[in-house]
């Protein structure tokens, strides 16, 4: 039980190097791993044949039920090669019937249900960590007991390599170049690498991220199936499940189509009646290369191995954020996500047609995400670039296509393999602290006492609307304002200034002194992950007033759901070309509510020093206050006026709407429970009706049988009544009273019956014993048959002795 299923215990026929020969030895396998590698889905379930298997729906049985679920056992032969490739799929395999013209001898991978031949191959089974959580029993919360990925270091196993792959790895380590040959004769990583390099040399535009997003897997492959490696290494599609509709021609959301994807499996896109006009994703390729999800999360291969076998065709981000230090390099020195680099394509357990688990993405860095969305290579661009047309000059400008900003916010799931809360919180706080260092101080001349103020304003500029950090800062600023002692009014004070401000203090200096006092008390370490989670939850709720900024509606569809991720990612993902933006002063200019004159003065003067927000526009911390991120400790001086009343009314309406939605959800749950109960009762009633119908049919058959029997008895009775029978003779005096014809009739009947009686008597005498007249006659030794066996033992034959016969007859 300790040996792997592969028999590769002997060396290859051509003596390989020592390192290769050592690896070719059969590695020990854990008993559970050995069981799955050898027996999982290789035999048909005997209970399913008897219609007794309880693990059919949902299908969690250890054995296969239908032929297209059958898995061939992967074996490494004595020559060091696998019995079928772990990477190249067979083009003749019928996924519906599970049949291949070459049968089990086919050297290519069969795309069985659940892709079990690839996932449970010696090359990939349990070689990567699962991205999903582990329950109390140690099983995967997503894939259950049969998860093909490891849940912990104790569950990991070393991959079994093909001899050609080992030779390619040794040649790569020795600095030798791999001899070019056919794709089928190369290892998985070497063949993919060679094919990608050839494609990039033929079409250099594949190195551009925007070109990949717009054209990857949108055109059919023109090469013969045997000459193309297929999968991720080829940017063209080979079947309907590999095809991707171009987002430039077709507008569809990032959510999977319910008619195509059932559970975790992607079915045939032809099952959707809408075809290419469907508004949802039909393949995994369409979902992972959707503009809302593409490059939104980090590549796990880059983080763990430092290389990715998919190269420019990877749907996940490869660029790490620049090192954060006091001496920041200029933005031009930071590489762009589209710049090609020396990438080593090593064999990986990544998916063949799509980059899936165990090459799962991890948490995206906030600064890297912002730089990616804005098209800049460094966070310094985010803070120092002025607003205007220059912000649109992005290397990812073509990633977002028209019509996507009208999608409903927060209505879709997140990308596969999204980050966990602890990772997001750590990265989020880390970038908050470092943005102040990265912020240049070249907006306008400042005194020596102001350098500390600018980074703190930058921190406020990058905080999302409704963030607990913003609320705490607003509370601190309000407290500082309230703690400032009133100053005597002067004659030179501006009409819009506070009456208590000193006349020789400029308005901007007054506001900056307040901000500096408030931010001195701010410690970013005091804010934990819980506060950030609340920030993300609050930022995902759309504002009921549907405020528009720059003419575009703040609506988007969030990426697909990721196990173990935050509840919402609307702050990180946006369908608009620009990154998420905070509410600008446009919201303050609504005709329903204007702030007081003194507050407008504060807002106007602070805007002159406006720090750049996430959208790159001049904005100040007062915009966060105006957008509804007030702290409970905010001074009433900032909440006075019709604008504050309007905000309070809108907030109340939002709370009421949320309460109504919760009530509707509860009502819907109750109605669903009642509907399920009614459905169950209806099913039970139907079963009872079926049983009653069967009983009724049986009773009807019994009734028909009884009626037939009664009918036969009646016919027999009628026949007996019509047949003339011997009648009992009346008494002698009565005979004289009868007519002569009646007497003749009685006489005739009696003669007939008498003849019948005589015949019966003669027949009985001829077969019965002459002595006892009960037993049947038997043949005596004298060959006479006149007595029975019992009587013949004690009497002599009456025929041989006539006197005896006469005596018997008398």
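Heads up, the Cβ atoms here are built off N, Cα and C, so glycines get one too.
For the annotation phosphoserine, the record in Swiss-Prot points to 378 among the listed residues 158, 255, 378.
Between the stretches 239-265, 266-292, 293-319, 320-346, Swiss-Prot puts its region 'Disordered' entry on 239-265. As stated in Swiss-Prot, the feature zinc finger covers range 84-113 out of the listed 84-113, 174-203, 384-413. Of the listed segments 418-437, 438-457, 458-477, 478-497, Swiss-Prot assigns region 'Disordered' to 478-497.
Residue ranges 215-241, 350-376, 512-538 are listed, and Swiss-Prot annotates 215-241 among them as zinc finger. Mapped onto three states, the DSSP output places residue 240 (phosphoserine) in coil. The number of other CB atoms found within 10 A of the CB of residue 240 (phosphoserine), across every protein chain shown, is 11.
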